[in-house]
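Read through the structure below, which is laid out as C-alpha cells, and then see the notes.
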Amino acid sequence: MKQFLQTLSTAGFNGFFFCLIGVVLLAYLFPSWGAEGSILPLSAIAQYGVSIIFFFYGLKLSPQKMKEGLYNWRLHLLIQSSTFIAFPVLILILHTIFGTESAKLIWLGVFYVAALPSTVSSSVVMVSIAGGNMPAAIFNASVSSILGVFITPVWMTYFMGEMYAEMDTTTVIIKLSFQVLAPVIVGLFLNKWYGHITDRYKSQLRLFDQAIILLIVFTSFAESFEGHMFADVPITEILGIAGAMIVLFLFMFGFMYFLSNLLKLNREDRIAVLFCGSKKSLVQGAVMGKALFPDPMMLGVVLLPLMLYHALQLIASSIIAEAMGNRKLHEYGADKIKQDAR
C-alpha cells in the first residue's frame, strides 16, 4: 500500500493535484473573485502567462535531440497516431451516434480531451515504473507536446465549426497563432543560444507553469459558477462523465495493447506505447484552452471532462504500471535463480 501511494505521488497525485481541487472549491465559494469585473485582472494575467509558458516550451526543445530519436519510426508513428487520430476519430463516431443538443458543451469537452497531446512527466514516470523503453517515452512525450500545438487547434476548429456554425473559427486561429504558435517558434529559434536557461531554472519554470494553470482553472470555474453554468448539471451526470472517461482510457489502453501485439513489439516498446499513447495532458489542455475558448464560462465546463480524465488516468495507470513493474521484477528474479542453478 505504501509503495502504491508513493507511485501515485510520483505520478502526479502531489500538492499540485490537490491545489487543483482547492481552486475549484475556492471558485465555487467565491466566484466573484475570478469572474469578469473582479478588481484583480486574473484572466488577463493568465492570458499573458499562457504565451510565456509556450515561449519557454519552445526554448527548451533541442532540434538536435529530436533528430536523434527518429530512428524507431514505427513505434513513434503508432504512439502519435493513437494520440492524434484514434482518440479523436473514436469520439467523432460516438458523438455522431449519441450526441445531443442539450449536452453539446460536454461533448465539446470530451472531444477536447481526445484531441490533446500526451502528458510529458507522468507518461515517462509510468514507463519507468513499468520497466519500459525510457528514451522512446521521453522522445514521444516531447514530440506529442510539439505536435499538439498545431494538431489540437486544427481538430478543435473542425469540431467547433460542426457544432457551433456561428463561431468565427478564423478569429480563433489568429488568436492561437499569436498566443501559442508564435511564442513556440520564437523559443525554438532561440534554443541554440538560450536553451540552457530552461535547465538552470527548471524548478522555477515548473512552478510558474503550475501557477498559471491554477489561475486558468480558478478563473474558468469562477466564471462558470458565477454564470450558473453547472446549475443544471446533476451530480449523477458528473459521475456519468467520470465513468465515461475511465472507460475511454481503458478502451484506448486495450486498443494500444492489441496493436502493439499485432506489430510484435518487444515488451519495453509495448509499455512505451501503452502509457504514452493513452495519456492526455492537463497542462496543455488548460493553457491551450485559454486561447481556444474565449468565453471563460464555456472553458469551465469544457475543462471538467479533462480534469476527471486526468485524475482517473493517474489512478488507473499507476495501478497498471506498478503491476507491470512487479511482474518484471518477479520474472527477473526467476531468471536469476535459473542462472544460479546452472
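Just so it is clear, glycine is given a Cβ too, placed from its N, Cα and C backbone atoms.
Since we're looking at a predicted model, the values are computed, not measured.
The feature transmembrane segment is assigned by TrEMBL to 12-33, 39-57, 77-99, 105-130, 137-160, 172-190, 211-231, 237-259, 299-321.
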> Is the transmembrane segment (105-130) packed against any residues at least 6 beyond its ends, judged by a Cβ distance under 8 Å, and which are they?
Replying inline: 7, 10-12, 79, 83-84, 87-88, 90-92, 95, 99, 136-138, 140-142, 144-145, 147-148, 151-152, 155-156, 159-160, 163, 237, 241, 244-245, 248, 271-272, 274-277, 279-285, 288-289, 292, 298, 301-306, 309, 313-314, 317-318, 320-322, 324-325, 328
> Taking 77-99, 211-231, 299-321 as candidates, which has the most Cβ pairs under 8 Å with the transmembrane segment (237-259)?
Replying inline: 299-321
>> What residues elsewhere in the chain lie close to the transmembrane segment (299-321), defined as a C-beta under 8 angstroms and at least 6 residues from its ends?
In response: 4, 7-8, 11-13, 17, 20, 24, 105-106, 108-110, 112-113, 116, 122, 126-127, 129-130, 216-217, 220-225, 229-230, 238, 241-242, 244-246, 248-250, 253, 274-275, 278-280, 282, 285-286, 289-290, 293
>> I need to check the long-range neighbours of the transmembrane segment (39-57): which residues 6 or more away from its ends have a CB within less than 8 Å of a CB in the stretch?
In response: 33, 145, 149, 178-180, 183-184, 186-187, 198, 205, 208-209, 211-212, 215-216, 218-219, 287-288, 290-291, 296
> In terms of Cβ proximity under 8 Å, which residues at least six beyond the ends of the transmembrane segment (172-190) contact it?
Replying inline: 47, 50-52, 54-61, 63, 146, 149-150, 153, 156-157, 160, 288, 290-292, 294
